[in-house]
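Asker: Quick paste from Swiss-Prot:
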COMPBIAS  83-100  compositional bias 'Polar residues'
REGION    77-100  region 'Disordered'
TOPO_DOM  1-7  topological domain 'Periplasmic'
TOPO_DOM  33-48  topological domain 'Cytoplasmic'
TOPO_DOM  71-100  topological domain 'Periplasmic'
TRANSMEM  8-32  transmembrane segment
TRANSMEM  49-70  transmembrane segment
Amino acid sequence: MYYALLTLFVIIAVVLIISTLLQKGRGDVGAAFGGGMGQSIFGVGGVETILTKATYWLGALFLVLALLLSVIPKEKGSVVEKSVQTEQSEGKGTTQESGK
């Protein structure tokens with residue numbers, strides 16, 4: 001289950017990158033910092049394309065999968081827990097003589 005979600009996560013990440021790069025630019029650097037605000041406020045409302053909507057959905061799915069992958073452990077227990085259990089089982093199996 002974990003590896004299937006991880007594979008899906010990587011595929012969505014690649015498709016999200018591609019869909020982001022395929023989108024049309026909305027201006028140069030000045031527009032990113034508010035330089036093109038007059039055009040966006042007074043101009044015709046921007047029509048969201050299918051690519052824009054797909055990018056939104058892919059981004060949301062990417063975030064949900066990231067949260068799922070952080071919650072779902074790929075194995076039960078951690079390395080530290082396994083080493084503690086191993087040490088405890090070895091300690092029970094051997095008898096220690098009292099220090100004489």
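Here the Cβ of each residue, glycine as well, is placed from N, Cα and C on the backbone.
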Asker: List the helix, strand and coil residue totals of the topological domain 'Periplasmic' (1-7) as derived from DSSP.
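Answerer: Summed over the topological domain 'Periplasmic' (1-7), the classes give 6 helix, 0 strand, 1 coil.
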Asker: Do any residues, 6 or more residues outside the topological domain 'Periplasmic' (1-7), come within under 8 Å Cβ-to-Cβ of it, and if so which ones?
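Answerer: Result: 65, 68-69, 72-74.
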Asker: Quick one: mean pLDDT on the topological domain 'Periplasmic' (1-7)?
Answerer: 90
